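For 822-873, the entry in Swiss-Prot reads coiled coil, with the evidence type sequence analysis. What Swiss-Prot records for 67-76 is compositional bias 'Polar residues'. Among the features that Swiss-Prot reports, phosphoserine is placed at S50, S65, S106, S107, S108, S109. Marked as region 'Disordered' by Swiss-Prot: 1-76. Sequence annotations record features per position, and here Swiss-Prot assigns transmembrane segment to 889-906 based on sequence analysis. The zinc finger annotation in Swiss-Prot covers 160-220, 269-287, 322-341, 375-394, 428-447, 455-476, 480-499, 507-526, 674-702, 715-733, 777-796.
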Amino acid sequence: MEASWRQVAGGRGRSRGRATAAPSGNGVHLRGAGGGREKGSVGAVPSGTSPGGVATTAAAGSRHSPAGSQALQTTAASELMSQKKFEEIKKANQAAARKLVEEQFSSSSEEGDEDFEGKQGKILANTFITYTTQTDGDTRELERTKQYVNEAFQAGAMTCLICIASVKRNQAVWSCSGCFCIFHMPCIQKWAKDSQFLVSSVTDDDFGKKDCPWPCPKCRFEYKRSETPSRYYCYCGKVEDPPLDPWLVPHSCGQVCEREFKPPCGHKCLLLCHPGPCPPCPKMVTTTCYCKKAKPIPRRCSAKEWSCQLPCGQKLLCGQHKCENPCHAGSCQPCPRVSRQKCVCGKKVAERSCASPLWHCDQVCGKTLPCGNHTCEQVCHVGACGECPRSGKRFCPCQKSKFSLPCTEDVPTCGDSCDKVLECGIHRCSQRCHRGPCETCRQEVEKHCRCGKHTKRMPCHKPYLCETKCVKMRDCQKHQCRRKCCPGNCPPCDQNCGRTLGCRNHKCPSVCHRGSCYPCPETVDVKCNCGNTKVTVPCGRERTTRPPKCKEQCSRPPTCHHTSQEKHRCHFGSCPPCHQPCQKVLEKCGHLCPAPCHDQALIKQTGRHQPTGPWEQPSEPAFIQTALPCPPCQVPIPMECLGKHEVSPLPCHAVGPYSCKRVCGRILDCQNHTCMKECHKVTKTDGCTGKNKAGPECLHCEEGCSKSRPLGCLHPCILRCHPGECPPCVQMLRIKCHCKITSLYVECRKITTADVNEKNLLSCCKNQCPKELPCGHRCKEMCHPGECPFNCNQKVKLRCPCKRIKKELQCNKVRENQVSIECDTTCKEMKRKASEIKEAEAKAALEEEKRRQQAELEAFENRLKGRRKKNRKRDEVAVELSLWQKHKYYLISVCGVVVVVFAWYITHDVN
């Protein structure tokens, strides 16, 4: 059965798509299945309407018996149920639409958050399960790793510091191995490329080409050029382009991490592929203390170094005392004791730390050197003083002459020119050998300025700086050098960068530079409405980061008549509408209002300014909060319908006589149809009127008779709908006879009541059958059905094979091959003579052809021999003609006459 809304829309039966309404005496309008239906109507009548406008059922069988009425009532009940369900769904959809307009934060979001948190907890447990089994459930060492994993799950928690955009699950990323910060793959590739270009543009000119590293944008950890990321890998580096799996940590492969711990201990990480640093090694190893005195005990590999707290006892560097500190790692501390110690020269004694026994005083040695003339001028030192520095061979001041003199005499000058290179580095000293430094160079030379743009003649020792300012751009490529007489190696820019960072809140504090600025190092706390929950994000992300989901309960007072509002979490904006039952006492009936609280319902504002023309943009609809009155009471009260079909619960506000919208179903006077009116009141005028008997308010059947006709009769009953049997059909039928030539007119009742033989007689036209037999003669029978009988008695002529003898026989015997005519002796003699004549003609034709060919051959030979002389006689050949050649025409004509005479004689004799 179709749903009620589908039946209303399309209709069924003969009147589909046709709205019909039959006026009745009491003003009730009947609607067919194709017509419109009022809102709130129950069920659809699965019937059409007759041309007269009276409703009819879709099947005739359901009209004749009480079983049909029962089926109709069952259909109406099911349609009523479908219509009720449709109304319920419609109301639910309307309520959902109103709720979507009214609520800013629905409880479904909180349930979704709880589901997400539960799912996240399962993924975290699966990620850390292999680690927690090693640590007996202790997760204190996993806090830092948990923070990274939680940020990977939270939308907007992971931020690329280069583009200041959130990192999504389906984007290719790269993780720094130093600070474990996450960056977009295109961003970090561009960052590495720009960094290498900026460094290489400076170092290639000064130091030649070399492998330029590039730093991490956050921790400045340097990577080689070969370590520039080119492919997207998971956190552990095992899987390239890891697929997106909602049950795994984003950007992970789901396999065991197996990265080596830092510092390396020989073990590998047991967690599933994860972001952030690996936790400390949870393996158990047997190890001893630092001083090796205590017995080895099992400890975690990450905390395998331990102290037994006993005195160390190792001898210190002083060689006199032992270390008194508790068992410790590394070398022992210097000896803390103090003692009186001499300096290395032994002249002074002082109290000093025992850890530094060697020390120097500030006195000159003063010991007499081996020469006996001078004393040692070194400050307190260890060992012998050495030889006198003035002993042995010494050079003159210009280093050209060598002298062997006692240490008490000074080396004299040699008298030669000094010839030392002056401070200018170009000229040499022209004075004689002298003591002390050479004087400044005073020669005048053509000097170029430092930038190489100007020349000037001036003393060599004076520098020449022009006043031209350098216009080259500094390494920042923003500011000019502006230094006077710059040699080309412009100094780095000393101004502040001052560009606004990607966060749009701060400016770059670095020195002016090329390329992109480093990300803003500041962080900002994004808080919930109550401030109890916060999340720390990079500076600049606070404008696009959603506030964290606070699990605290909202503490705002209720705005409706209830004493307390429904519990819900902390949120921004106004609280969601109250959904508690109203529970106000209704004035009319005294029942409690069960509807949700409607003190602050959102109502679309009407009567606003209407645009005067198409040039004005229509304003958006505005909603205002207002208190609505309580809806009508919906407490169910049992009531019986007008037609006594059912007892249904009605809402309290609608208690009263009602129509159940079913079909009346009472049997009309025709005893064939039922009343198709909607449920209505029936008054009983006669005491014997039964419950199923139609009353004066029911319909009066105005349809034609729709009873089934006899087999073969296609004419409707000429009477209106009536009880009992229909009269016989007297319509004249036009039929073809068996031979399909003549049209006959017969009453319909004779055809429908006749048997096979009678029908054959009625269809016979009493004329000869016009059909041809297979032999070609016409059938001799009267108009008949079926195939014609094959009993042809017509006379046919039959001849012998030479066509000379002719006889007449019956057609059926000839077709049955019962009679045949053979040639006699006369026929054979005539055949023989005819064959002889043909042979003679063929022989004559052959001889004639031979003579013609002989004549052609002789003519050809004559042409080959050429012309003969005139006095020669031509050779003549006499050819004798045969008898046939001489008299052939005469013989042929005589033979023809003889054959004709003979044939005429034979034919005349046979007849």
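Backbone N, Cα and C atoms are what each Cβ position is placed from, and that goes for glycine too.
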Residues from the same chain, set at least six apart from the ends of the zinc finger (715-733), whose C-beta lies under 8 A from its own: 670-673, 701-707, 709, 745-749, 751-752
Secondary structure content, the zinc finger (507-526) (per DSSP, counts of residues): 0 helix, 6 strand, 14 coil
The zinc finger (455-476): DSSP-derived helix, strand, coil residue counts: 0 helix, 7 strand, 15 coil
Leading stretch by Cβ pairs under 8 Å, where the reference is the zinc finger (428-447) and the options are 269-287, 322-341, 455-476, 777-796: 455-476
Mean predicted confidence [pLDDT] for the zinc finger (269-287): 86
Contact set, same chain, for the zinc finger (269-287): CB under 8 Å, 6 or more residues outside the stretch: 126-128, 130-131, 134-135, 141-142, 144-145, 147-149, 151-152, 175, 180, 182, 234-236, 238-239, 242, 248-249, 251-262, 296-306
